[in-house]
Amino acid sequence: AQEQGTSPFPKHQETIKMDPSDQKFFTVIDYVIFAVLLAASMGIGLYYALSGGRQRTTQEFLMADRSMGCLPVSLSLIASFQSAVAIIGVPAEIYTHGTQYWFIGCAYILGLFIPAHIFIPVFYRLRVSSAYQYLELRFSKAVRICGTFTFIFQMVIYMGVCVYTPAFALNAVTGFELWGTVLATGLVCTLYTTLGGLKAVIWTDVFQTVVMFAGQLAVIVVGVQKTGGVADVWRKVWEGNRISGLDLNPDPTERHTFWTLGVGGVFLMLSLYGVNQAQVQRYLSSRTEKEAVRSCYMVFPSLQLALALSCVMGLVMYQEDMFIVCFPQMVIYFVMDMLHGLPGLPGLFIACLFSAALSTISSAFNSLATVTMEDLIKPQYPAMTEARATLLSKVLAMSYGLLCLAMAYLTHLMGDSVLQVALKIFGMVGGPILGLFCLGMFFPWANSIGALVGLCAGLVVAFWLGIGSILNRSTRPLPLECGTNATIAIQTAFNNTTLSQPSGLKRFYSLSYMWYSGFNCTTVILIGLIISFLTGPTKEEDVMPGTLYPLLGKLFCFLPEHLKKKLCCVTPLGQTVSERIDLIAKNLATFIYDVFAVE
């Protein structure tokens, strides 16, 4: 916005309508609705704790007996993805920068089609419980353990953010006691996840998804009615340059363009819906592979609806005569002001916000308990009885719940900048994990050493890039306060933004965060392949059946069979490094010659 000579905030407002003295608080009915949400979630957990097999086996507790239908699985997949951070963040993004972010919906197409036809069939046919079991089948136990610890690190950090963010926003605008909210959210999640297992998590996700959509829709309908109707909303957002066109700028340092959102977003989606344990576990809980694939397809329209509701809410916020500058609480301020005087609706939206938080956190608890049990404990104690394994799984789920509360407290101590760091870490770690799985599935000659070195290299580059981008930001962080002083601080921050293009390492650090997953995934694959060839690539016949997907064969299906074999050639084990390099060069030269020699 600064480059276009416009402010990122509405020009027609010069004062802040809402300040701390104007805070709106819950009525009795709002408290009742919010309490009903927590009670219903607990009730579902108790129901599945006392019905069926009563969660007496790890198969039932961790995998829901592999008996779930596609509808509840698909709604659970949406709820796991649609966190409270997204419900607060997307409207604020649209309000501040316009509708360019909406183009991320284009990434949903390949981001769901590829998992449905590549990752789900591979995982489901191997009958694994943890996605990281695949890494041992394809590579080695060491790769599996490294992948598991990377995932645990990723999710533990994100859990604290997911609990703290809605609690912090709610405390700032409703008067809720901050740590009372954090404890209520964390404890309710921990209890129903521990008592009811994956079945409880999935069915509470279904309930919470309905609440999420209802809360967002209520805000939009009331907001449009109070602000003059659809035509008036459209006129103001058009005059305020909030309707973004198709930006085809190929510069990867541009924060949001069609390419960063539509292409970079595909890798982000794959890291979430392709290889993330929280989502993979839901696929594997389906009755059949066909049901799992169908649930992935059913996610697409629902995700588009969720994205549309969040974006439209941001436009309605912009149209309202309210210059809000307290970014973490922006959406909550708007909702409390807009819905004030309509008993129950503020409570419905806050229930919507916490539904998103509960669904994301419970998914994290259950998936963390699963990978810890299946990848770290069971291999060490193969003779453990089923009853003891189930009890230990429940203890693990509860332990991760308490750890979540501790992470929320650390997030509180470290401040807002750490919230941004934690969200970047979540994106940075997903890319290397995606690269590790792609290396195993698509490249038959990749070996265990290449996988380990590739993962380590990907993580090092990811943290180098992420931390460097934070330390080299050209603008100051936006303040948390709401009020006139905050307005002056923000305007000063935007006025002091440097317009010159960065160069050298600073340009590298300026890479759009939407490219993080793709860049880090590619790093893992390239480094992994190079190390694999140098240390002795795996022979294709030595790879365990079912762990490969013939991607290269499908991409080069137009080539003759002998050329495809040369393209996918592997060198014999036991050669020196120089001999392998010579053979790789010779095979590559032969392949290029044969391609151009084919009539």
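Even glycines carry a Cβ here, placed using N, Cα and C.
Keep in mind the model is a prediction, meaning the values are calculated, not measured.
According to TrEMBL, the protein has these features:
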TRANSMEM  28-50  transmembrane segment
TRANSMEM  70-90  transmembrane segment
TRANSMEM  102-124  transmembrane segment
TRANSMEM  176-195  transmembrane segment
TRANSMEM  202-224  transmembrane segment
TRANSMEM  256-275  transmembrane segment
TRANSMEM  296-316  transmembrane segment
TRANSMEM  347-369  transmembrane segment
TRANSMEM  389-410  transmembrane segment
TRANSMEM  422-443  transmembrane segment
TRANSMEM  449-471  transmembrane segment
TRANSMEM  513-534  transmembrane segment
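Residues 104, 252, 255-256, 260-261, 263-268, 270-271, 424, 427-428, 430-432, 434-436, 438-439, 443, 445-447, 449-451, 453-455, 457-459, 461-462, 465-466, 469, 571, 577, 580-581, 584 of the same chain lie 6 or more positions beyond the ends of the transmembrane segment (513-534) yet place their CB under 8 Å from a CB of it.
Sequence-distant contacts of the transmembrane segment (449-471) (same chain, six or more residues past either end, CB-CB distance under 8 Å): 135, 139-140, 142-143, 146-147, 150, 417, 420-421, 424-425, 428-429, 431-433, 435-436, 439-440, 505, 508-511, 513, 516, 519-521, 523-533, 535.
Simply put, out of 70-90, 256-275, 389-410, 389-410 has the most Cβ pairs sitting under 8 Å from the transmembrane segment (176-195). With a cut-off of 8 Å on Cβ pairs spaced 6 or more residues apart, the transmembrane segment (28-50) and the transmembrane segment (202-224) reach 3 or more such pairs and are scored as touching. Distant neighbours of the transmembrane segment (256-275): 77, 81, 97, 100-101, 103-104, 106-108, 110-112, 114-115, 118-119, 131, 246-250, 296, 299, 427, 430-431, 433-434, 437, 512, 514-518, 521; these residues of the same chain sit at least 6 beyond its ends, with a Cβ under 8 Å from one of its Cβ atoms.
For the transmembrane segment (202-224), the residues of the chain that approach it from at least six positions outside its boundaries are 37, 40-41, 44-45, 48, 64, 68, 71-73, 75-76, 78-80, 82, 87, 192, 196, 230, 233, 282, 285, 302, 305-306, 309-310, 312-313, 316-317, 319-320, 335, 338-339, 342, 345, 348-353, 355-356, 358-359, 362-363, judged by C-beta separation under 8 angstroms.
Here the transmembrane segment (347-369) touches the transmembrane segment (70-90). Their Cβ atoms form 3 or more pairs under 8 Å, with each pair 6 or more residues apart.
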